[in-house]
Structures are given as C-alpha cells and as structure tokens.
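> In case it helps, TrEMBL gives these features for our protein:
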type     : residues                 : note
DOMAIN   : 10-337                   : domain 'DhaK'
BINDING  : 57, 58, 59, 60, 110, 115 : substrate binding site
ACT_SITE : 222                      : active site, tele-hemiaminal-histidine intermediate
DOMAIN   : 371-571                  : domain 'DhaL'
C-alpha cells in the first residue's frame, strides 16, 4: 500500500507553505520569523488587554490560525502535522504579545500530553520573565466511559473557548476573571466524533483501516481509532447514537443535558464530508435535540477543527445561558468564524407558504380546437413513450443516458392531465398549462427548455390559433430557447431539428389555406433531416460538449425527440406517415 496522494509540493515543507498561504492571503495576519507562529497584524491594538494564545499540531485547519482576530485569538502556534509545537515557539509567541503591551496572556490548550507539556514549559519560562500567564485546559471528549489518567481529550469544543475568552478579552476583562468564567464554561462543553474513513499524515500510510460500509465512533482528531466500530446507518441514526452516547449519565465523560436546557451546537466537518452530507447531519442533530426537549439556541455547521482528509463529523454542544450567548454572539474578525445569526434556532418558523397558484385554469372552456389539440397531444405522448429506450440509448453516447426517461416523464404527466381536464379552446391557455406541467415533472435542462418554448409561444396564442399565429408562436418559442439556452443551429442540440422546421413553418403566415398541410409536412421532413445531420456535428452546447468528438457519432437525442414530436402532430392532423 502506498501513501495517499496529496496536492502538496513537499512533505517536509507543507506546514510552512500552508502557514504562508494562510497569512499571505489575509491582510490581518503576520508570521513570526523563524517560528511557526501566526499573530495579529495589529498587535498594538492589544495594549492593556489580555491576549489569547492557542495552537497545536497542524492538519486541523482552519484551527488555529483561522481564529486569530479581534474578539478571538491574538496568536496561534503550529506544530508539525499532528505534532505539538515546540516550547521555544510558544515562548516566542508569548514574548511577542508581551512586547505589544498586553496585560496578560491566556493559553488555551487542548488536553494532550504534548500540548500540556510544551505550552506549560513555555508558560513557566514566560513567568520567570515577568509575564502574567495563565493556562486553561480544554477536555471536551465524551468518547470514553472511564477515561484514563490522561483524561478527556481536547477536541472541537476548544473553538467555543476561543470565542468566549476572546469576547471577554475584547471587553477588557482582567486575566483572572477570564480564567474563572472560561473554566466554568468548559464544564458544559462536550464533543464526540464519528468517521467513515481514516486519514493519513503526508507521506505516511492511513492511521487505521476501516472496511467499506463501517464507521468509527469516538475517534480523536489525530487519526487515532475510536472506541467502537459499527455498520454505517442513516444520518438520523448516527446522530442519535452520538448524542445518546455524549449525554449518557452512566459515562464519566458525559455532558449533562436535560429537557429544557439551551445549547449551542457545532456540527464540525472532520475534513472530507460533502457540504450536502453536512447539511443533512445538521438537520438530524437539530431535530433530535429538539425531540429531546433541548432548546437549540445557535448552530454552526462547517469545517472548524479538521483531521486532514478524514470523512467524518463531530458534534460539539455547549450549555448556554444568556451570558454565554452574549459572548458567543459578540463580533469577531477571525476569518474562520462563521457569520451567524443571533436568532434562536429552536422555535423559529422557517417554512413560508408559496404564492397562491394562478386560478385562471378554472375558467377554461372548450372550443373548436379542443378536440384536435387533444388528439395531437395524445399522439405526441404515445410517440415519446414508444421512443423512450431509443432516446436513452442515443443519450448514453453523449450524456447521462436519461433523455428518453425525461421525455417519458413529461408524456406521462400530460396523459394524466388529459384524463382529468378539459383541453381549453384557447391554444395560449393550453400551452401555458403544458409549460407548467413540463417544468414541474420533466426536470433538468430539457424541462426548462421546453417550458421556455411553451411559455413564450403561449403569449402569441392568447387571442386565437390561426396558422399564422401558430407560426409566430413557434418562432417566439424557438427564440426564447436560443436566448436563454445559449445554443444555436449547428451546436448539435434540439435546435438543429427545431430551427429548420420553424423556418419552414414561417410560410404559414402568407400561404393560402389549402397549402397548410404541405408546409407542415415539409417542416417535419426538415426537422428529421436536421436531427440526422447532428451525427456529423461537434457539440458546442449542453452536456455533450464535454465529450470527446470521436466518441459522439449518433444523432443528438434532443433533436430526434423534436422531430418525433412534430411527426406525431402532423400525423394526428391527418398527415401521411
């Protein structure tokens, strides 16, 4: 097995280059020469106030440099990937803050032996130099029922502490008061993680193996395995398992949480979950907590303390009273802190009723054209359903193979509508109704294009349906498709069949009544020739434009569908097959 590929320049230089990338892309941060220390660029603004310093191993980005800014950290120290920073760098950061004139320095340290030792040593050395230094240990891990002597690990709940302490420092609170308030708040913070994959330090093999279909519960942020392995279940079930474990009173590591309590919830991406998955997990967590009678006051969802490329999520909860929420809501310029609302999540009605549907359909009446338009629609639906697999097969060569299915969905929707509705005598009303059906039931770009065509065409058929009006309506519909879709004839799309047919139909505006069927027949034939010509065209629009030209040798399925629709209408009107 080889180490997983990563987009880096060098394993040895990746941490330094990452820090440079973070700092150089921000106008508010600076690097301390010779150290992996990031500080506020405006250190002079800290004069007379308490400064906050945190840090730890790299690989947890955006922690910790992402939380530097007014109202949060003053500086952060980075170690190697998953390695505690050396005490010399921690001391250099403390002394830089001292030189800026701060009244004291609070170290926020996650409960890992290396971090405690290295930050602790630097703290003692700084005190010997006359600096007022205090250290708060964050141990928010809820994984172990009976923690070892080392205690509970420090996890993503540390970010809560950064925020609370930062807000207090920004208000000018003295060091001892900040320590007292934050120490009390830490008692109400708990975190638990779950992952669908391990992670790997650059240049190394994954930290553990996880078979497909299994997940690891209670793992740390340094790639260490968790306390329990089980089959992957639904997001709802995973969240329930996590919250139940975190709040189980039988565990020495549990977070005490009862009905009526108010919490701040952090749904933290451990590195590689998609935004879609994160949103689903966030929904599950809110619903489950509210189902237990817990008031969810605030929610932050995103990447806050990662574990490289681990495909997992952690849940952090902090019991919150009004003072905690006030500090949590306080403004900060830290780039990784989310722009959150101060509105309570629980109890908020977030579903709005859409505008009332247009009730014009209730006034529809049949007319002289109703029967013939019904017959034409039935013929079109039948033709599309018969050609479903043919269109799918053509689409597999240049798309996702569902062109026949999408047209069949539209056909079935129209058939269902025909069974329970009259066909209005006004062609404009019919086309408007069809546009709504297609938009709702067909989906995708095809649904949008057909709905555009029908909507634009309907506007020209409100006052009747003589041949000239139909010709003008077809032209208006085609123009709308071209304008909004961005394609033209020759781009290997449905327009290669539609445009020549519409051009032929323009003759209806000047031809005598006896020549209408001949014009329609000529239009159908031009559409069929246009569809066939797409074999030799290079796709310049739509999904097929991303496929290598040599692989696309069949006609465009959209153009074939247009030709089939026009042929069905022609035959329904009495034309010869």
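Placement of Cβ uses the backbone N, Cα and C atoms for every residue, glycine included.
Remember, TrEMBL labels are computer predictions, not curated facts.
Because the structure is a prediction, the values reported are computed rather than measured.
Quick one: where do these features end up spatially?
The Cβ of residue 115 (substrate binding site) lies under 8 Å from the Cβ of 55, 56, 84, 109, 154, each of which sits 6+ residues away along the same chain.
Close to residue 222 (active site, tele-hemiaminal-histidine intermediate) in the fold, though at least 6 residues off in sequence, lie 57, 59, 82, 207, 307, each with a CB less than 8 Å from its CB.
If you average pLDDT over the domain 'DhaL' (371-571) in this model, you get 90.
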> Identify which of the binding-site residues 57, 59 has its Cβ surrounded by the largest number of other Cβ atoms within 10 Å, counting every protein chain shown.
59
> Counting all other Cβ atoms within 10 Å across every protein chain shown, which of the binding-site residues 58, 60, 110 scores highest?
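Sorting the candidates by Cβ neighbours within 10 Å, the top entry is 110.
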> Cβ within 8 angstroms of the Cβ centroid of 57, 58, 59, 60, 110, 115: which residues besides those meet this for the substrate site?
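After dropping the recorded site residues, what remains is 55, 56, 63, 64, 78, 79, 82, 83, 84, 221, 222.
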